[in-house]
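Working notes for the structure below.
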Amino acid sequence: VFFFFFLQVEYVKLLNTYPEKKSALGTLYLTATHLIYVEQTNNNVLHHHIMSVEKLPLTASGCPLLIRCKTFQLLHLLFQRERDCQDVFQSLLRLSQPVKEEELYAFLCNPHQNEEDRRQGWEFISVANDFSRMGLSNEYWEISHLNKNYEICSTYPSILGLPKNASVAVVTGSAKFRSRGRLPVLSYYHKDTKAALCRCSQPLSGLTSRCVEDEQMLQAISQANSNCPFIYVVDTRPKLNAMANRAAGKGYENEDNYSNIRFQFQGIENIHVMRNSLQKLLEVCSMKSPSMSDYLTGLENSGWLRHIKSVMDAGVFLAKAVCDERASVLVHCSDGWDRTAQVCSLACILLDPYYRTIKGLMVLIEKEWISFGHKFSHRCGHLDTDPKEVSPVFTQFLECVWQLSEQLPCVFEFNERYLIEIHNQVYACQYGNFIGNCQKERLHEKTFSLWPHLLKNQHLYRNPLYRRSLESTVLRPSTLPLHFKFWCGMYNHYDRGMHPKQSVLDQLLSLTQKQVEGERTMTELQRVSGFVEVLDTTENDCGYITSIVFKTEKSFALCNNCFSSFYTRLF
């Protein structure tokens, strides 16, 4: 049961990251869900967004408190009284680290929808519909309900894409030979090449073990594609890591036991390396007045962009195999819910323009991340659990999408703001989509879905450079180091001291919205003008309305000319 917690502290300074900037003075409020700082304008932080709270040593100016957020916001507060600082510190430690799911914001959130709206919101995105869009079921692949009650694999979705010639015995036998029962299943089917992108976890092969059913499952995947005599098996881990797992009774496929497979390692590091890399990156972002040398050295030493490149390289390899070589691919890492989700999602975006749309990205996240059991609650630290389970796996995926949109700005329907909003909502726990670690744990009956909320505001997330005429193209991005950028919009999003700059895309989006509003106004005035003429109004009245229409047409034409001119200059 929630209580409405309230604490108010006046005369709190909000220190600026940049020392030459003046600090703000305001009042701090704590409620059951938010930390709110009020100066001339409100500044509120959801408790679930708070990653850590640190009391710093007392200074002559007061008692400092440092709040780091999962959304990369940094709040440096200065209290006049040590007691106030301690009260806020203790309260935030409790409020930002819930122990039970019932304490999450989703159970307080009521987005003004009734029970029917809630149900329809969850049904709005359907993995089964996405399989149907790919052409399933067909003569090679089928939509299976063998996992309806999550009995074969508790962390997989209830419906699976399976080869039609794989028997129930083969499916269940393969599941028993794979880590956590995560057997090879369909992720994406390419209708033109007949190649399949499949995913699973590592085999329990050890040094010598083998499984006939698992070998038959891979053979069934191969036989479902007559355009290529082999399939790729891609292990996204570094080879040394996979070999260490083999010594522990797990590992990777022995090519001697599987017919017609070509094995590839991709070398993406594990969740612990990625967590440490992000920490180093954030230390660089929080540096006060760094020199260019210190900043660039820190960015390089973090290894963050190097890791982003390794994920992108793997996604590009999968897309080329499916599209160019017409080869089916089976992807895994250790358990198949972190690196596997990253590279399969990226490959889908490269191969299929649908996933580059606003709704398509929702479907992709629902399918590859939520349904296939990415451990959002653990990786995002929703509850007060093992900190070693926390890792920015999903953040890296969103950054890879952003890197693609920077390199190929006309092929994505959505903009940067959309990616950042999804990232913030993952950590907000306001909606039920990202609570729990698999589909089986989703709380459909008690929470609301994020996707209808985003669609309702999709005008904010449209990319004005998007060209639908480019939809049919397969993306072929360059992964040369020179094409990777630091994502300032994500990691420095809240820095008040940065020089303001107006985004080119924001300017275009504003012009586009004005153009749409102008069209709507002109259409309405023309309709009213026609209606008045039918009623045989006086000539003066008609002339007055006609003049309004004429002025609206001129304004619309001016806006259209500005838009065209701006677009031309951009390219």
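Placement of Cβ uses the backbone N, Cα and C atoms for every residue, glycine included.
Bear in mind that TrEMBL entries carry predicted annotations, made automatically and left uncurated.
Per TrEMBL, these features apply:
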- Cys333: active site, phosphocysteine intermediate (ACT_SITE)
- Asn270, Ile271, Cys333, Ser334, Asp335, Gly336, Trp337, Asp338, Arg339: substrate binding site (BINDING)
- 121-491: domain 'Myotubularin phosphatase' (DOMAIN)
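Under the DSSP three-state reduction, Asp335 (substrate binding site) is assigned to coil, being neither helix nor strand. For Trp337 (substrate binding site), the Cβ neighbour count at a 10 Å cut-off comes to 26, with all displayed protein chains included.
Across the residues the record lists as binding substrate (Asn270, Ile271, Cys333, Ser334, Asp335, Gly336, Trp337, Asp338, Arg339), the two Cα atoms farthest apart are 12 Å from each other. Using the Cβ center of Asn270, Ile271, Cys333, Ser334, Asp335, Gly336, Trp337, Asp338, Arg339 for substrate, the list of other same-chain residues with Cβ within 8 Å runs, in sequence order, Thr236, Arg237, Thr340.
Within the model, the domain 'Myotubularin phosphatase' (121-491) carries an average pLDDT of 95.
In the three-state DSSP classification, Asn270 (substrate binding site) falls within coil. Between the listed recorded positions, namely Asn270, Cys333, Asp335, Arg339, the fewest other CB atoms within 10 angstroms of a CB are found at Asn270. Comparing Arg339 (substrate binding site) with Cys333 (active site, phosphocysteine intermediate), their Cα atoms are 6 Å apart once rounded.
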